[in-house]
Amino acid sequence: MPPNIYRLSFFSSLLCFFFIPCFSLDQQGQALLSWKSQLNISGDAFSSWHVADTSPCNWVGVKCNRRGEVSEIQLKGMDLQGSLPVTSLRSLKSLTSLTLSSLNLTGVIPKEIGDFTELELLDLSDNSLSGDIPVEIFRLKKLKTLSLNTNNLEGHIPMEIGNLSGLVELMLFDNKLSGEIPRSIGELKNLQVLRAGGNKNLRGELPWEIGNCENLVMLGLAETSLSGKLPASIGNLKRVQTIAIYTSLLSGPIPDEIGYCTELQNLYLYQNSISGSIPTTIGGLKKLQSLLLWQNNLVGKIPTELGNCPELWLIDFSENLLTGTIPRSFGKLENLQELQLSVNQISGTIPEELTNCTKLTHLEIDNNLITGEIPSLMSNLRSLTMFFAWQNKLTGNIPQSLSQCRELQAIDLSYNSLSGSIPKEIFGLRNLTKLLLLSNDLSGFIPPDIGNCTNLYRLRLNGNRLAGSIPSEIGNLKNLNFVDISENRLVGSIPPAISGCESLEFLDLHTNSLSGSLLGTTLPKSLKFIDFSDNALSSTLPPGIGLLTELTKLNLAKNRLSGEIPREISTCRSLQLLNLGENDFSGEIPDELGQIPSLAISLNLSCNRFVGEIPSRFSDLKNLGVLDVSHNQLTGNLNVLTDLQNLVSLNISYNDFSGDLPNTPFFRRLPLSDLASNRGLYISNAISTRPDPTTRNSSVVRLTILILVVVTAVLVLMAVYTLVRARAAGKQLLGEEIDSWEVTLYQKLDFSIDDIVKNLTSANVIGTGSSGVVYRITIPSGESLAVKKMWSKEESGAFNSEIKTLGSIRHRNIVRLLGWCSNRNLKLLFYDYLPNGSLSSRLHGAGKGGCVDWEARYDVVLGVAHALAYLHHDCLPTIIHGDVKAMNVLLGPHFEPYLADFGLARTISGYPNTGIDLAKPTNRPPMAGSYGYMAPEHASMQRITEKSDVYSYGVVLLEVLTGKHPLDPDLPGGAHLVKWVRDHLAEKKDPSRLLDPRLDGRTDSIMHEMLQTLAVAFLCVSNKANERPLMKDVVAMLTEIRHIDVGRSETEKIKAGGCGSKEPQQFMSNEKIINSHGSSNCSFAFSDDSV
């Protein structure tokens, strides 16, 4: 190569070398790539970010200003799995907008975020950021939008937030923030949106200064622990459109100044403890669209002025204490779509003017005192989908015009005094899924037109005076799942066409006058519950019964069925209860009955004509609790029954059994009435009474006395300690400033804080518990209150739980919370004073003597069962009590039970048809409850469910039956009550020996009840939660125990040979029993609570 050419080539290469930096990525791009390198990126989200580019301005998610400086970064919806890039991006001095949302970022927000002084928008929402909000953020004077919502941020909202004078939007919702809303919030004059809801530990009052935020459009503080009154300054928010502070702890009245919020469209204050009346000034809000005030403690009348809000489409005042009538002015609300006034004390009639609301879709006025007739002009409501008016005092006919509401999906008019027939036109409603008319005075026939209602899912017509036959057209209802037409005057046969109801699971036709054969009737295979009892059905039981493999309960008692029991019944593998009593069955009892392993509740074959011996396979019915084969012609011995370890009730009377009665404690303690009229049966003298307690060994007596002395001494020392502590606390209280108390009353009570404080002395202590000490205090009106003072001023969890739970539920067997008050040092709860103490004190304490007889004990445990069933099955979401024990069952003036102490109560987020899976794993809960009553899953830290309450209730049942505390020191070897009972039954000892000696001398029928209740208790205390019954099933079993042969005297039973008449019931009384449903944070969708 010539020298000149060589030199030219060299200098060209050298020139290119020195000019390479001019075409490389600038410092901003390198900073972005540095952050990118720290992320765990999947996919091609950053495929446009090339190192070969000279500038990042064309990269996805990056924008630059005119000078080529990065001004905006916007990245959303990627799984980056890294930390915030603040350190890496320090060079981006011109950054005005930083959006890093839904990127799965972790770690804390770095303090260096405050260095980006040009930022106007900072959005770090929907990540997994933790730690406190750094105060350095509030150095960003130009910030207009701050979105930190949906993270795991903790700590307080810094007072320095007031420095952001230009802030327009502040989004802090769905974090773990605590403390109070700082008063400096009032410095944000330009703020339009404030959302900080979903922070459960955000507490204190809404500061008065919030009224300074006059540009506010949206105020969202829902699902927090904000308490106290809404400040009157809220009336300064002239531009606010939505106020959402629901599911919190607000108290006091709604300020009249709310009427100055003239732009308000949505007011959501439900699920609080707001009291007073609904302000009439709300009627001046011409733009108001949604008004949700349900589940508070509002009183007084519904303001007629609300009829002046022309845009209103949703009103919900349910679960309050409202009185008066439904305002006629509501008829002016042409846009009204939903009116929900359930569970109040509203009286008067349904105003006809309401039918002018032609857009109405939901009309829910159930659980009130509404009288009169249903307006015939209901036909105007062509958009109506739900009409609930159950548990009122409505009279007259169901208007035929209701059938013109073509969109109706659910009608519930139960528990009224409606008469006349069911309009056949109702069944022309093709969208109707639920028709509930139970417990009225309806008559006439079920029209054949029912077959047109093809979407019907639930039908309840029970407790009326309906006559005629069941129309065969019912077979057209392919979606029908639940049918209850019991306690009417129906005649004729069960239509074979019912086999067409292929989705049917529950069929109850008991107490009618149905007749005819079952042979031609093929029942749907989907059935789980059948009750045809107390009718006049004849013929044999068809072999097809074995096709019902899902069946759990079959009751055919009190009919005229004959022939043999088909052996195919053994294929009903899920059967738990079988009642064929009081029929005309004959032949031998099939051996196949012993092949049904699930048969655990009851097997009743009494009052038939069975012959032969008890099948040998009956020895396999290990879980059976009740067996009744009385009033038959059975022979042989009873040895096959000796292995039934769970058997607590057996009636073999009026047969021809022979041989020796098995020599086991259970058989020795059977009442003679359950063995009577078996001529060949040899009954030894050992079947008489318990051993005389005076024959006990004297050393045992001395040991017992010693234990009692020691226990008494311990109790005295504990009492002294409690009284001293109470006196010291009382002295401290007297020094408190009266004006520092926050007070909320749910009932009208006339007293001052001083009236309470000065009486919190040791002389007034009536009890202590895990969460506090309880005093009896008489207020100036002469009324006595029970006042609970929480133990620890720092521990507010139990206090908040009790307010949250008891403040939102009402049930006849749950203690009533009258109000509460608190200050910095103390928290007090006010309850009705119940004069008879607790169930525990009556069973074990110095006050024992009342509530000792079985009848009173039964009423107590049934009442508690109703309370728990209400919490578990009527409340939405389900409420777990968490500390069911005899000490927490209080007794009223007539020993009526009240479940108390909800300091450990919690809700569970699972409910049928919500799409929430209860089986999904959750964080294991901490230990809770009381030792001796806790279910086994507490000790193993398994998931706590409502079945844990069932176990605790079972322990209470055993305590009531045996008279022994769960940790009674007299139990052998220091055993727990459940283990002692379980061992006793496993050893085949006489179950009646388990019963409280104070219950001795009761009649055979009462003894039978007690032993059946023992069987229920044994089911409840199963070690496996999934084997325990639901509380609604416990209620059903206990009710069934008491209702067997109710109303018939012993003399009548003996005259009838122990079996009832086979004649069908022709008439039933017009008098109806109406269950009192409590009000709560529960679904009041329907009046029925059947399985």
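Using N, Cα and C of the backbone, Cβ positions are placed for all residues, glycine too.
Listed features, source Swiss-Prot:
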- ASP883: active site, proton acceptor (ACT_SITE)
- ILE766, GLY767, THR768, GLY769, SER770, SER771, GLY772, VAL773, VAL774, LYS788: ATP binding site (BINDING)
- CYS57-CYS64: disulfide bond (DISULFID)
- ASN40: N-linked glycosylation site (CARBOHYD)
- ASN104: N-linked glycosylation site (CARBOHYD)
- ASN163: N-linked glycosylation site (CARBOHYD)
- ASN356: N-linked glycosylation site (CARBOHYD)
- ASN431: N-linked glycosylation site (CARBOHYD)
- ASN452: N-linked glycosylation site (CARBOHYD)
- ASN604: N-linked glycosylation site (CARBOHYD)
- ASN651: N-linked glycosylation site (CARBOHYD)
- ASN697: N-linked glycosylation site (CARBOHYD)
- 92-115: repeat 'LRR 3' (REPEAT)
- 116-140: repeat 'LRR 4' (REPEAT)
- 142-166: repeat 'LRR 5' (REPEAT)
- 190-213: repeat 'LRR 7' (REPEAT)
- 262-285: repeat 'LRR 10' (REPEAT)
- 287-309: repeat 'LRR 11' (REPEAT)
- 311-332: repeat 'LRR 12' (REPEAT)
- 385-405: repeat 'LRR 15' (REPEAT)
- 478-501: repeat 'LRR 19' (REPEAT)
- 525-548: repeat 'LRR 21' (REPEAT)
- 598-620: repeat 'LRR 24' (REPEAT)
- 669-690: repeat 'LRR 27' (REPEAT)
- 1-24: signal peptide (SIGNAL)
- 25-703: topological domain 'Extracellular' (TOPO_DOM)
- 725-1091: topological domain 'Cytoplasmic' (TOPO_DOM)
- 704-724: transmembrane segment (TRANSMEM)
### Message
Restricting to the chain of ASN452 (N-linked glycosylation site) and a gap of 6 or more, list residues whose Cβ falls under 8 Å of its Cβ, or answer none.
### Response
PHE427, GLY428, ARG430, GLU473, ASN476
### Query
Residues of the same chain, at least six outside the repeat 'LRR 5' (142-166), with any C-beta under 8 angstroms of its C-beta?
96, 101, 109, 117-133, 135, 172-190, 195-196, 202
### Query
So what's near the repeat 'LRR 19' (478-501) in sequence-distant terms, Cβ-Cβ under 8 Å and 6+ beyond its ends?
433, 438, 446, 454-472, 507-518, 520-524, 531-532, 537, 1066-1068, 1088, 1090
### Task
Note down the number of other Cβ atoms within 10 Å of the Cβ of VAL774 (ATP binding site), including every protein chain shown.
22
### Cα-nearest neighbour of ASN40 (N-linked glycosylation site) within the listed recorded positions, ILE766, GLY772, VAL774, ASP883
ASP883
#### Entry: Cβ contacts of ASN163 (N-linked glycosylation site) (under 8 Å, same chain, 6 or more positions away)
PHE138, ARG139, LYS141, GLU187
### Message
Can you give me the Cα-Cα distance between ASN651 (N-linked glycosylation site) and ASN604 (N-linked glycosylation site) in Å, rounded to a whole number?
### Response
9
### Closest of CYS57, ASN104, ASN356, ASN431 to VAL774 (ATP binding site), Cα positions, recorded positions only
ASN104
### Query
Around ASN356 (N-linked glycosylation site), how many other C-beta atoms are within 10 angstroms of its C-beta?
18
### Query
Name the residues of the same chain, 6+ apart in sequence, whose Cβ is under 8 Å from the Cβ of ASN431 (N-linked glycosylation site)?
THR385, ARG406, GLU407, LEU408, GLN409, ASN455
### Query
Which numbers of helix, strand and coil residues does DSSP report for the repeat 'LRR 24' (598-620)?
5 helix, 7 strand, 11 coil
### Task
Tell me whether ASN452 (N-linked glycosylation site) sits in a helix, a strand or coil according to DSSP.
helix
## Note on the structure
A correct count of other C-beta atoms within 10 Å of the C-beta of ILE766 (ATP binding site) gives 17
### Query
Looking only at ASN40, ASN651, ASP883, the recorded positions on record, which one has the least crowded Cβ, with the fewest other Cβ atoms within 10 Å?
ASN40
